[in-house]
Number of protein chains: 2
Amino acid sequence: MTDLPIPVDADRFLADLHALRGFGATGTGKGVCRPAYSTADLAARDWLAGRMTEAGLAVQVDPVGSVFGLAEGRSLLVGSHSDSQLEGGWLDGALGVVAGLEIARAAREAGGPPVSCVSFQDEEGRFGVTTGSAVWSGHMPLERADTLRDADGQTMAEARAGLGDRVGGFVDPARFSGFLEMHIEQGPVLDSEGGQLAVVEAIVGLRNLTLTFHGLQNHAGTTPMRLRRDAFQGLALFTSRINERFRNVVTPATVWTIGHVSVHPNAHAVVPGRVTFTLQWRDGESFRLDRMEAIARETAAEVAAELGLDLETAPLLDLPPVPMDPRLRAALETGAEAEAPGRWRNLPSGALHDATNVAALMPVAMLFVPSIGGISHDFAEDTAEADLVCGLRALARAVAALG
Amino acid sequence: MTDLPIPVDADRFLADLHALRGFGATGTGKGVCRPAYSTADLAARDWLAGRMTEAGLAVQVDPVGSVFGLAEGRSLLVGSHSDSQLEGGWLDGALGVVAGLEIARAAREAGGPPVSCVSFQDEEGRFGVTTGSAVWSGHMPLERADTLRDADGQTMAEARAGLGDRVGGFVDPARFSGFLEMHIEQGPVLDSEGGQLAVVEAIVGLRNLTLTFHGLQNHAGTTPMRLRRDAFQGLALFTSRINERFRNVVTPATVWTIGHVSVHPNAHAVVPGRVTFTLQWRDGESFRLDRMEAIARETAAEVAAELGLDLETAPLLDLPPVPMDPRLRAALETGAEAEAPGRWRNLPSGALHDATNVAALMPVAMLFVPSIGGISHDFAEDTAEADLVCGLRALARAVAALG
């Protein structure tokens, strides 16, 4: 393993990854419970800060609680997040953080290039969504983030108070030449194909439409079929038509989901008078998101007219796609080909990441390792250690090449 | 109106119907709140018993609280129920009870034939379903009915205690030659066609199947369409196939409903891992209910196999159809043609009624009057008074003919 320009230590990397897992370990498999600002999260961040200091990096905790380990001068930034879901896996976020630490440490030991590392706060959205990087990148003012409440009603301002005297100022983004994030895929593609690595093409855009069909609630025994205005039948017809029509527009990477369905009054013997549901779709290209939105809106209006329903549409949630920087992405591809020849591919990221926000500040790119069974946000989340090390080495090659 | 063999008094009938509406009147339109064993219900039954006594009928309240007004000797029984839904209309049940009272009273005034009347208890199912007639007919032992609980946890035994010294023994069914029940249609057919009366062909049978598709819960962004096992898509495909296949089997009177749908975890960004839903269908013919059940089970299994889902089936609810007695039905048809020439029709009853239970004891038949807008179980339930009187007169003709 000494053939690398930045000679990362795989054993030390894995030992640190397992050490981080100790903070909030649930005892169920390798699972962790380390939500943002929890005792376990703050202890993990203090431990990380200690490891950064030992590696000769200058620690700076920003007002949201994101922990930076800063090299001198202008550098690449490598990292992810160390907070977890309430029922979280040991790798989601933690992998990218410890990879950043190891590469920054190994680069410093080898006399360069300068590499900084980071663990963003609240990527998993106890308060918002990717909150730490959203505030840092200017997507959300800190004053607004402070008013966000968690499921128990606590505000982020109250949670931030727990950071105490750890807090410094915001880190100047101008000191970084780019951001690289390694992450588990959180999907089944690499695992099902036996692939080892994926270089992300784009973090896909997401649109979420909440629709309601209003029909006529009626007795399911005494109302003939021809006199019904059954809201659920509207949803069933909408679903089959959308499936047909989207097939002419999508790529194999496009996804769409009807994930939330609420039927009223939801009783065996009552013709549904109202159905509210969500259609969410994701793709790397805005024009395709537009086409799908047009089809969804037209089909919903058409179905409502055919079945005598009224259609209500809530405001659209619209997160645009974030393309990866071509130069950073090429460096990751070269690193992937060196470490996993013939066993890497390009993939869109179907999930949001801190890189989504950081892209507003600097060039970004991402590298995926496989998720066994496609499982994440679950205690059972895991990846073969050989694949974790393969990812670390490919990332180190990219960092060295980008200098 | 003196042309009838049993000279019913339309004004007295309407006056009694409005008087009964005074018990539990909500002040919202003509709506009533008179659930079984409530203060309003017991007061209404005491008032009814008083009217029966005034008419020269022998009052007997059975152990469940059903109030009988008995003529001497063997007689027809005419009636329905006087308890209501929590948000009930003024005619559901009450119409048939007061019609029975008026016909029994007018027949007695005219010197025969003997006619008895009844108001069954808890047809609306505060405790069971059509509880009073179910116990009387032997469908449910009183000991079991006593253990049923209402939505607040009170047992029927506790509620029955409120009957106090009103209670006598069960009435011997052998004293009745048949049962006639007039009721509002509770559906839109007569109202939408401008019809005045309907003679019921059968109280339809009902089957209710609760099905669950088990798929794989997954991230809606990172799981490609080809690797999904989306339980909701199973329901959508099942719904469209059932609609196609049922059309080859059904009559215009057959109904089917997917009324309850529960999606898990029911989140925008999660591919549904589980969907539980009900398919309920009703028809007057058992062979058609069988055919539909076979189609439903085969289609569910087929969809599960195609989409890689597991299918779970809960025990079937199966209430067989109850055909109306041909002789009683013919008498109602003759009466309907005399009172509403060209403005009556045959209809199945899509809803359950006390007649469903009483059919186990004696011949039964039913007559419907229109429900304005098809509305029932609602304060807005109503019927034109001319149609109420038309029904009363047709029913009186049938009773006279059956003697």
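Heads up, residue numbers simply count up from 1 along the chain you see.
Cβ atoms here come from the backbone N, Cα and C positions, even for glycine.
Just so you know, TrEMBL annotations never went through curation; they're auto-generated.
These figures come from a predicted structure and were not determined experimentally.
Sequence annotations record features per position, and here TrEMBL assigns Zn(2+) 1 binding site to B:HIS81, B:ASP92, B:HIS183. The Zn(2+) 2 binding site annotation in TrEMBL covers B:ASP92, B:GLU124, B:HIS377.
The binding-site residues examined here are B:ASP92, B:GLU124; by Cβ neighbour count within 10 Å, the least packed of them is B:GLU124. Ranked by CA distance from B:HIS377 (Zn(2+) 2 binding site), the binding-site residues B:HIS81, B:ASP92, B:HIS183 have B:ASP92 at the top as the closest. The secondary structure of B:HIS377 (Zn(2+) 2 binding site), as reduced to three states from DSSP, is coil rather than helix or strand. Take the mean position of the Cβ atoms of B:HIS81, B:ASP92, B:HIS183, the recorded Zn(2+) 1 site; other residues of that chain with a Cβ within 8 Å of it are B:SER80, B:LEU91, B:GLY93, B:ALA94, B:LEU95, B:GLY96, B:VAL97, B:GLU123, B:GLU181, B:ILE184, B:HIS353, B:ASP354. With respect to their backbone Cα atoms, B:HIS183 (Zn(2+) 1 binding site) and B:GLU124 (Zn(2+) 2 binding site) stand 13 Å from each other.
On the backbone, the CA of B:GLU124 (Zn(2+) 2 binding site) and the CA of B:HIS81 (Zn(2+) 1 binding site) stand 9 Å apart. Other Cβ atoms within 10 Å of the Cβ of B:HIS377 (Zn(2+) 2 binding site) number 18 in total over all chains.
The Zn(2+) 2 site is set by B:ASP92, B:GLU124, B:HIS377; from the centre of their CB atoms, other residues of the chain with a CB within 8 Å are B:SER84, B:GLN85, B:GLY88, B:GLY89, B:GLY93, B:GLU123, B:SER376. For B:HIS183 (Zn(2+) 1 binding site), the Cβ neighbour count at a 10 Å cut-off comes to 27, with all displayed protein chains included. Around B:HIS81 (Zn(2+) 1 binding site), the C-beta neighbours below 8 angstroms that are at least 6 residues distant in the chain are B:GLY93, B:GLY96, B:VAL97, B:SER119, B:PHE120, B:GLN121, B:ASP122, B:GLU123, B:GLU124, B:GLY132, B:ASP354.
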